[in-house]
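These come from TrEMBL:
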{"type": "ACT_SITE", "residues": "Glu210", "note": "active site"}
{"type": "ACT_SITE", "residues": "Cys244", "note": "active site"}
{"type": "DOMAIN", "residues": "5-425", "note": "domain 'Aldehyde dehydrogenase'"}
{"type": "TRANSMEM", "residues": "466-488", "note": "transmembrane segment"}
Amino acid sequence: MSREQEAVARARKAFQTGRSKPIEYRIQQLKNLQRMFTERQKVISDAMKKDLNKSEVGTQLYETMGLEGEINLALKKVKEWAAPRPVEKNLLTLSDTVYIQPEPLGVVLIIGAWNYPWAVTIQPLIGAIAAGNAAVVKPSEVCVHTAKVMESLLPLYIDKELYPVVTGGIPETQELLRQRFDHIFYTGNSAVGKVIMEAAAKHLTPVTLELGGKSPCYIDKNCDISIACRRVAWGKYTNCGQTCIAPDYILCDPSIQDRVIAEVKKSIQDFYTDNPKTCPDYGRIINQRHFKRIMALMEDSTIAVGGDNDESDCYIAPTVLRDVKPEAKVMQEEIFGPLLPIIPISSLDEAIKFINKGEKPLALYVFTPDDKIINKMKNETSSGGLLANDCLVHYSVSSLPFGGVGNSGMGCYHGRFSFDQLSHLRSCLIKQLKMEGVNNMRYPPHTPKKLGWARFFILNSVDLGWAGRMALLAVLAVVAAVVIQNYLL
Ligand code: NAD
């Protein structure tokens, strides 16, 4: 048995004991996870510093604080989320108990990416635990130090049989993918997303794919360009541009291009000083492979700001590219680095046409004071999320489903959406062995008269309060008695 097979077998065996199901156990595990983030902040931050040059404050702000919030929410709400959810009934089922019962799926495989390794790996785990599942956790091997810390810390705090960590690279992930899971939750690029889906299809395993792509940013010429550029610069250069929902490129009227460049430049100086290389809040490219890839993307474009770099340190300065052509290299793939191309575009309609020519993005940004423009953009495009006049912050709202559409992914999570995504929503209808006469309308021999009654009982749904339900029940009992007496017997 391979190490991966063993981990999955152990997780399944642990799941079959039933211990992940009681709400108290789920709560206990989530509290342990919460304790890990309070007690081990230092070792977590140190690894993040080594992997991405994230500062201790940056690690808390962009990674662990959100997780603490998600754990708190799950602790507060898990009982409510896991409880039966009564639903509307039709007249035929009025006297029955009809509800949705969320139940755990079984063993979930969580495959994380490297750019926000804690956020994208542990957030699905919180959902998996809250929903009563077992989960095999596969951190990205690309963030070398963080993967090691995750592997050593998680078993110290949470049930190591129910939630094992499997480290390794592509061969190990592929070996995991050969095993049978009840759900696969993958975060990473769209090309590998297809590999994941193909492997999942062999076992008919459902998947959540949290992918990426080019998230456009339209800046209207009548907006406050200074504020817009400040927010765009923050969204772009945080984590050195290695953010799945970073604004990938700017579309704007040619008349404001120079102003946009000047304002982004000013924000870069405000945030990261004149020398971002020595600024503790400016990150690094994850490795030399990605450094080379990003540098090559700049080749056929004009640099307006930045451009300096140091391969030995995986440093690329915050960079703006001007008058970028749609055919330029930087426009052929998700940048995932600190390059901000500006594509001059003559109108809102042209911008919409440009966006719709590409794949459906994970996020779409529009900067304008005009609601009509926001609505037009919303109505005539599609994307995982839409934000007006800001970047990234929709990620932090746990009452919004986070996920992509089309090439940017499928399924969603955060807050209750994580719970639902990793639960089976089981339909339950509990009937009594009484009032058999009412069922005659569906039993053969079928007649037009019975069909008429069936239409009346089935096509009318009811959503009354308790008192209304009781009153209607009384009326229906009388109707049913009359029907049975006069027509069906
Ligand atoms: P990555 O290289 O870390 O890969 C992610 C995982 O896939 C890793 O665990 C790795 O082991 C596995 N993997 C890689 N190649 C594989 C293969 N051939 N077969 C099986 N498994 C394989 O991460 P990445 O893909 O470079 O991550 C960056 C991408 O992720 C970007 O496109 C970004 O937009 C996207 N992303 C999306 C979200 C989101 O929430 N939607 C969040 C973060 C990153």
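Quick reminder: no glycine exception, Cβ is built from N, Cα and C everywhere.
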Mean predicted confidence [pLDDT] for the domain 'Aldehyde dehydrogenase' (5-425): 97
Alpha-carbon spacing, Cys244 (active site) to Glu210 (active site), which is rounded to whole Å: 9
CB contacts for Cys244 (active site) [other CB atoms within 10 A, all chains]: 27
For Glu210 (active site), nearby residues of its own chain (Cβ under 8 Å, 6 or more apart in sequence): Val120, Phe185, Tyr186, Thr187, Gly188, Cys244, Phe402, Gly403, Gly404, Gly409, Gly411, Tyr413
